[in-house]
Amino acid sequence: MSTIIDIHAREILDSRGNPTVEVDVTLESGAFGRAAVPSGASTGAHEAVEKRDGDTSRYMGKGVLEAVAAVNGEIAEMLVGFDATDQVGIDRTMIEMDGTPNKGRLGANAILGVSLAVAKAAAEFTNQPLFRYVGGASARVLPVPMMNIINGGEHADNPIDIQEFMIMPVAAKNVRDAIRMGSEVFHTLKKELAAGGFNTGIGDEGGFAPNISSTRQALDYILRSIEKAGYKPGEDIYLALDCASTEYFKGGKYEMKGEGKSLTSAENVDYLAALCADYPIISIEDGCAEDDWDGWKLLTDRLGAKVQLVGDDLFVTNPKRLEQGIKAGVGNSMLVKVNQIGSLTETLMAVDMAHRARYTNVMSHRSGETEDSTIADLAVATNCGQIKTGSLSRSDRLAKYNQLIRIEEMLGEVAEYAGRSILKG
């Protein structure tokens, strides 16, 4: 009854209007799962391959018909007849079919779409919500949101070098309150920016993209908005940054054009340490570039005891890259993006490896998203305690927040909000 009888993929659009892969999986029982695959703007060189057609006559070369054909062709032919509850076996079969180290033949977007849709169909077959099916009886921790309220870098058309300025409402009683607190700060920030003469257009992830060039000016606006919304920075709400510094690491230097700075690795660490000394910043993602291992080591030695140092481009949700980082003693947290590695099984393996090494995990969206809310379920399934899913606008971001509210309601009295437990030191 849990046998897969049909797998069908199609090309749909993501939140940036670019094509992506959506997959439907149907079981013999009638159970059904659907998953849409996200895509990133600032992508790590070590990520699994997102297969694009390259046909410039369609979608400027960004079509995904080849990935769709791979699903509807050889993947479906191989997997129809499999038991959907054998997630590991299904994912392993697709990885072996692909036969490359980075899923470059079939495409990680093809493999992941099937992997997630299978999990959803199996969850429906077993009459469980996805978070419970994947995480088991212990899945009950609601994550602290990292809410990206000012966008820069590759996510916005402004001169801000740092890609994401985020707030983390750790003092909330539950995830519902955390989302409310974030919304109140978001709307207060809009008024503050407008009063300062800045535009209030939004970036890819729903945060504002004002024509600010100074990191400190952006942070000051956020602090003022937190206070005017009735909260205390560094007590009720903390700050987090995603530098995405690989994007401005050129020729061995951190070229921060918006700020007019050209920094060595050591100077970049000094720059970030000064920000942490002056602002209540508790998390920095990709503070150093993906292959600047010496810079990462300096950063970890300097700030790792008191600041969460998240590897995104550094680790790319890949157990091999993570193992390398653990052995080198760099970073203390892994950003979890399912499409960086390309299957649910490998994602869960990486999360478990990070957990065993006492690294934290942060479940994350991509800048190119859809209405698919799978990562909300995965955040609870893994009890990771933190989620990055954008700002308090754009339905592609709010779909995840709304799903967290539903999950918290489903869990009832056993639900736990991670809150202050995520703080270091």
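Every residue gets a Cβ built from N, Cα and C, even glycine.
Record check, Swiss-Prot: (2R)-2-phosphoglycerate site residues include Gln163, Lys337, Arg366, Ser367, and the candidate from Lys173, Lys320, Lys327, Lys388 also listed there is Lys388. Mg(2+) binds Glu285, Asp312 as Swiss-Prot records it, and from the list Asp242, Asp270, Asp301, Asp352 the residue named for this site is Asp242. When Cβ atoms from all protein chains are considered, those within 10 Å of Lys337 (active site, proton acceptor) total 24, not counting its own.
Note: the CA-CA distance between Arg366 ((2R)-2-phosphoglycerate binding site) and Lys337 (active site, proton acceptor) rounds to 7 Å. Other residues of the chain with a Cβ within 8 Å of the Cβ centroid of Asp242, Glu285, Asp312, the Mg(2+) site, are Gln163, Glu164, Leu241, Cys243, Ala244, Ile284, Asp286, Val310, Asp313, Leu335, Lys388. In terms of Cα distance, the recorded positions that sit within 10 Å of Glu205 (active site, proton donor) are Ser367, chosen from Asp312, Lys337, Ser367. For the recorded positions Gln163, Lys337, Ser367, a Cα-Cα cutoff of 10 angstroms around Asp242 (Mg(2+) binding site) retains Gln163. For Asp242 (Mg(2+) binding site), other Cβ atoms within 10 Å of its Cβ number 28.
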